[in-house]
Amino acid sequence: MSVIRRLAAVLRQSDSGISAFLVTAPRKYKVYKIPKRTTGFRVIAQPAKGLKDIQRAFVQLYNFPVHDASMAYMKGKGIRDNAAAHAGNQYLLKADLEDFFNSITPAIFWRCIEMSSALTPQFEPQDKFFIEKILFWQPIKHRKTKLILSVGAPSSPVISNFCMYEFDNRIHAACNKLEITYTRYADDLTFSCNIPNVLKAVPSTIEALLKDLFGSELRLNHSKTVFSSKAHNRHVTGVTINNEETLSLGRDRKRFIKHLINQYKYGLLDNEDKAYLTGLLAFASHIEPGFITRMNEKYSLELMGRLRGQR
């Protein structure tokens, strides 16, 4: 059955209606920018509601393989699991893929379909046109530019994880031979081990594999390649691994949370800051529950419960 027919059945629309809608789908995005944590902006391209519905239906209809080393956008996994995988190792390497989502094109997607070593959906030639319209965004509406994966589409996390499957599979196998632990959280690659100097050769291995699989489309962001060890603070996707091999919020974040709780205690936070603090406390409870226990003891269960919206 064709992709259009399956989507039409699930969405209770006509084949012709969906086909006509998809012709201009890559231009049906609202674009805005949000500041990055350090410098610059991240471009978010959010699809129109009708296109979102089609994208969600597509990734529910077709099961794309995702490697076990992938920690982002997966039910039951998250940044805590990503950091915990490396907690018992002394030496750490962090690497970053440059402009990750926007570097994934239809050509990469189809190449990954062809070369996947896992069970992967197969499509009829006539489906190709519409699948590209469903999944990819055209950044400049009035000029014929190449299609790319957008940050903001509900299908993009699934497709990005799938497109990295073969990379994850091969780098994981290579790491296993060297007793290196490997995980990937979206564009963040993390490697760790207990053998000195083994990680030094990993960046060149990553680059060679990226070139082999994706040509020059996916690249390392060399400014974000960081080596660290137990002698220094080790941070993995925002989580600190301390020398006792347990996960921590880190000293600075704890100090900041305590400051905000104190501000709240004396009525000095506005509603926006309260909501932000509530989110920080939920994160803290997930990463380091003992810290929340200590805050309950210091500031009282009543105040902390009120802050978290429990009463």
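A Cβ is built for glycine as well, from the same backbone N, Cα and C atoms used for every other residue.
Not measured: the values here are computed from a predicted model.
Taken from Swiss-Prot, the feature domain 'Reverse transcriptase' covers 15-241, and the record attributes it to sequence analysis.
The Mg(2+) binding site annotation in Swiss-Prot covers ASP96, ASP187, ASP188. For ASP188 (Mg(2+) binding site), the count of additional Cβ atoms within 10 Å of its Cβ stands at 20 [all protein chains shown].
In the predicted model, residues of the domain 'Reverse transcriptase' (15-241) average a pLDDT of 93. Sequence-distant contacts of ASP187 (Mg(2+) binding site), defined as residues of its own chain at least six apart whose C-beta falls under 8 angstroms from its C-beta, comprise ASP96, LEU97, GLU98, PHE100. Within 8 Å of the centroid of the Cβ atoms of ASP96, ASP187, ASP188, where the record puts Mg(2+), the same chain has further Cβ atoms from LYS94, ALA95, LEU97, PHE100, TYR185, ALA186, LEU189, ASN221, LYS224.
Cβ neighbours within 10 Å of ASP96 (Mg(2+) binding site), excluding its own Cβ and spanning all shown chains: 16.
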